[in-house]
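S.K.: Got a structure for you, questions after.
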Amino acid sequence: TLVGPDSGYQFLRSLNASRIPYEVVANSFQKVIDNERAEMRAHRLYSRAGFDYEKTYHTYEEIVAELTSISSPKAKYASIGQTYQKRDIPSITITNPGGSGKKAIFLECGIHAREWVTTAACLWIANELITKTDYDTILNKYEIIIVPTLNSDGYVYTHTSNRNWRKTRSQNGLCYGADPNRNWDASWCSAGASSSPCSDTYCGTAAFSEIEAKNMAALVTAKRGNVAAYFSVHSYSQLWMYPWGYKTASPSNAKQLDDLSALGVNAIKAVNGLTFTKGTIANTICSTYDKEGVTIAFALELRDKGAYGFVLPADQILPASKETWAGIKAVIDGLPA
C-alpha cells in the first residue's frame with residue numbers, strides 16, 4: 001500500500017488499532033525511485049560491457065537499439081505496429097533456420113508500464129535463446145515471438161514522469177490512458193474493469209480502442225491455428241494463471257492447463273525456492289483463448305509478493321529471469337507433440 005506523506009501516521013494508527021499486522025518497506029517511495037534512477041545512470045556511465053541483460057533496467061530507446069543491432073540467423077526484429085504516440089512496438093522472433101510451418105509461442109511482456117521486471121525478464125530470455133545452444137530442441141520445433149514492451153508509451157512515461165504509471169497514454173478527456181490488459185474483446189469491460197477514464201483499470205472506449213492491444217491481437221490473429229502457447233507476463237504476486245478470468249465455468253481443457261501450470265510452478269520453485277500459486281483469471285489470455293483459438297494460454301505474475309512490488313531492485317532481474325524462463329520452458333517441454 002502506498003500512503004501519502006500527510007496520511008502515514010494516521011494510517012499506521014488505524015492499522016495498530018485494528019491489530020492488522022504490517023511492515024514498513026520504505027519510508028519514502030520517492031527515495032526508492034530516486035535511488036533506482038541513480039543506479040541506472042551510474043550503470044550507463046561506468047558500464048563498458050554493452051547492453052546488460054542482468055543487472056539494470058533499460059530505457060525504451062536502449063531496448064530498441066539493442067534489438068535492432070542483433071545479428072543472428074536465429075533472430076529477426078520487427079515492429080508489430082505503432083503506439084498511440086507513434087512509437088514502434090518492438091518484437092523479436094527467435095527460431096532455428098530451416099523447417100516450415102513451425103508453431104508460434106508468444107511472450108507478451110510490459111503490457112502494464114510500471115512492471116519493469118517483465119520487460120527485463122523477457123529481454124533476458126530472448127538473449128538466452130539467441131546466444132545459447134541449449135535450446136535447439138525448442139527452436140527446431142517452434143518460433144518464439146517475444147514482445148518485450150507492448151505498452152511502449154507507458155513504459156517511456158514511467159522513465160520520464162511517473163514511475164507508477166500503469167496504462168497507455170491515449171487521451172480521454174481530462175484523463176490519460178486505458179488499461180490495455182482490459183481492452184481486449186473477451187467480455188470487454190466486465191468484472192475487474194472500470195468504465196471511468198481516470199481509473200487504473202479503465203477498459204477504454206471500446207474493445208481494442210487502444211492501438212497497442214489491437215496490434216498485439218492482430219499479431220496473434222496472423223498466426224491463427226498455428227499457435228502452440230501464449231504467455232502474458234506481469235508482475236507482481238508470484239502467480240501462474242489460466243482462463244477464465246470473467247466467468248466461473250472451466251475451459252474444456254482445464255485439467256491440461258492445470259497440469260501444465262503445475263510443471264511451471266514446480267520448475268520455478270526449483271530455481272530459487274520461490275513459491276508461485278496457480279489458478280484461474282487474467283483478461284488478455286482469455287481473449288487469446290476465447291477469440292483466437294489459443295488453447296494453451298497463461299498469465300504469470302512475477303516476483304515478489306509486495307515487499308518491493310513494481311519497483312523490484314535491479315539485482316533481482318537475473319533471478320527473476322531465470323525462474324521465469326524455467327517455468328515457461330517446463331511448459332513448452334510439456335506441450336503435446
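Cβ coordinates come from backbone N, Cα and C, glycine included.
Residues or ranges marked as active site, proton donor/acceptor in TrEMBL: Glu301. If you look up TrEMBL, you'll see 56-335 marked as domain 'Peptidase M14'.
In terms of burial and nearby residues, how do these features look in this structure?
M.R.: The secondary structure of Glu301 (active site, proton donor/acceptor), as reduced to three states from DSSP, is extended strand. In sequence order, His234, Ser235, Tyr236, Ser237, Gln238, Leu239, Trp240, Met241 constitute the residues six or more apart from Glu301 (active site, proton donor/acceptor) in its chain with CB-CB distances below 8 Å.
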